[in-house]
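> Here TrEMBL flags Tyr118 as active site, proton donor. According to TrEMBL, the feature active site, proton acceptor maps to Lys189. Residues or ranges marked as (S)-malate binding site in TrEMBL: Arg171, Asn426, Asn470. The annotation divalent metal cation binding site is assigned in TrEMBL to Glu261, Asp262, Asp285. Summarising the annotation, TrEMBL assigns domain 'Malic enzyme N-terminal' to 95-276. The domain 'Malic enzyme NAD-binding' annotation in TrEMBL covers 286-539.
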Amino acid sequence: MAGGGVGDAYGEDRATEEQLITPWAFSVASGYTLLRDPRHNKGLAFTEAERDAHYLRGLLPPSLASQELQEKKLMHNLRQYTQPLHRYIAMMDLQERNERLFYKLLIDNVEELLPVVYTPTVGEACQKYGSIYRRPQGLYISLKDKGKILEVLKNWPERSIQVIVVTDGERILGLGDLGCQGMGIPVGKLSLYTALGGVRPSACLPITIDVGTNNETLLNDEFYIGLRQKRATGEEYHELLEEFMNAVKQNYGEKVLTQFEDFANHNAFDLLEKYRESHLVFNDDIQGTASVVLAGLLAALKVVGGTLADHTYLFLGAGEAGTGIAELIALEMSKHAGSPIEECRSKIWLMDSRGLIVASRIDSLQAFKKPWAHEHEPVETLLEAVQSLKPTVLIGTSGKGGTFTQDVVEAMGAQNEKPVIFALSNPTSHSECTAEQAYTWTQGRAVFASGSPFPTVELDGKTLVPGQSNNAYIFPGFGLGVVISGAIRVRDDMLLAASEALAEQVTEEHFAKGLIFPPFTNIRAISARIAAKVAAKAYELGLASRLPRPDDLVKYAESCMYTPTYRCYR
């Protein structure tokens, strides 16, 4: 089967790298408009011939600069900023000015720039989004648009959308309700779909659904960019979401992947449950987090030994992330051990703000917590739970910083030769403990991973490299796999395939450094392999619509990936 580049009008995929393309906007862009079009602008990299052909003489200084030289200059400039937010603003400005150069920078310097365009800096950007807002990125759909959402979608200039990331801004990272200013999250997520997963920028659409905010600070902020009203709930909220989901399908078809992002718990589970059978939907907070953590655990087993079923798991935090991870662990356990899912769940314990989730609390629990209510006397503190249940794996998804105290971590170390400790809450200030604390309090024996990045730790002459359980390992490759197979639904088996594919990328060399996730420097190759495994599973389940199935899915995935090198204009 032919490689990528199917209907690739803008010349974005690897398969079209060598082809001459016409810089179409709605007409052929030339002269001043060409320099103002971020998709086609190359700045000083326009050749002499291109400057003549496209009426650029005199509009640019006479010097020519290669893309590599432009990249070098911009990285030098970015490193001059001392504030991460200033780097974020500079990167967003670049994206608005020269799209290919933005992605070239991000791809070539992924470990340095990922924390700038996504967590932790994107959290601060969302908090101050009203003040730093320059040009609209993505679509804003508000309660004012009820009854007209299809028309609003048609206002977006691109027609062939493959991935939508949508938020209602109610639970942005660990920062709470940021209303309309949550737009930084879909914008950041989709830039990673492109940079790390190779989904074309023209096929990505960030959307914020503004139903108001309960954040008094924002409501009183003169620079707030959203609706100044309390959040709509109940019927009014669900009617708007239903109209949105139907409009998406009507406008873009069955095969557009809609990723729900940073919705509050009560809506996140309901929306996923409601639309998973009728639409191609994915919730990164529930499913993406679960998939990457499961990959980390599968890799960690090679260090600590045993199978998933041999271990006991304790979670601090029983929201979207906690219950999503727990369920995926149980599914993987059930698949490999052949045991019923209920039996697998019994090895997994969750704690919420009221203590251990136990059977005696079942009547007062929300529906998504009920499967985790096991027989045990009530336990109020984490330390008591660790001492009583003797878990081998401790996972934090509480959103509260410093909750893995020295007592708790030392108890894990006393009970286990190699305790597995995942402090997953974002941003860094909300992490349950730091890498240094986890290693110091266990004399360097812990197998540690966190949600946000921590520096390497020197302990007793050894260099310990903490793993980052970052969803960016999974969702870009997962999205690419869904897109290239033309999948029409997301199934749990596809998430398990993504986890297994990621765990397979961790080598003995990585384990020797204490890593349970591969380095981000190789993320595009990792994403291609994850995409291939996800696509293979979609074909196996009969959910793929792109036929015939390509013979070599890894090669096919690579050929479909966006590349940011400048194209030559005729």
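A Cβ is built for glycine as well, from the same backbone N, Cα and C atoms used for every other residue.
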> Just going by other Cβ atoms within 10 Å, which of the recorded positions Arg171, Lys189 has the emptiest spot?
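Result for the recorded positions Arg171, Lys189: minimum number of other Cβ atoms within 10 Å at Arg171.
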> Under 8 Å Cβ-Cβ from Asp262 (divalent metal cation binding site), six or more apart in the same chain: what's there?
Thr167, Asp168, Gly169, Glu170, Arg171, Ile172, Leu173, Gly182, Ile185, Asp285
> Do me a favour and check the Cα-Cα span between Glu261 (divalent metal cation binding site) and Tyr118 (active site, proton donor); whole Å is fine.
13
> If you skip the near sequence neighbours and keep only those at least six away, which residues in the chain come within under 8 angstroms of Tyr118 (active site, proton donor), Cβ to Cβ?
Gly188, Lys189, Ser191, Leu192, Ala472
> Enumerate same-chain residues with a sequence separation of six or more from Asn426 ((S)-malate binding site) and a Cβ-Cβ distance below 8 A; give 'none' if the list is empty.
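Spatial neighbours, sequence-distant, of Asn426 ((S)-malate binding site): Thr119, Pro120, Gly123, Leu173, Gly174, Gly451, Ser452.
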> Check the binding-site residues Glu261, Asp285 for other C-beta atoms within 10 angstroms of each C-beta and report the one with the most.
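Within the set of binding-site residues, the most crowded position is Glu261.
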> Rounded to a whole number, what is the top Cα to Cα distance in Å among the residues the record ties to (S)-malate, namely Arg171, Asn426, Asn470?
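So the maximum pairwise Cα distance among the (S)-malate binders is 18 Å.
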> Can you tell me how many other Cβ atoms are located within 10 Å of the Cβ belonging to Asn470 ((S)-malate binding site)?
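The answer is 26 other Cβ atoms.
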> With an 8 Å cut-off on Cβ distance to the Glu261, Asp262, Asp285 Cβ center, who else from the chain surrounds the divalent metal cation site?
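Neighbours within 8 Å of the Cβ centroid, excluding Glu261, Asp262, Asp285: Thr167, Arg171, Ile172, Ile185, Phe260, Phe263, Ala268, Asn283, Asp284, Glu320.
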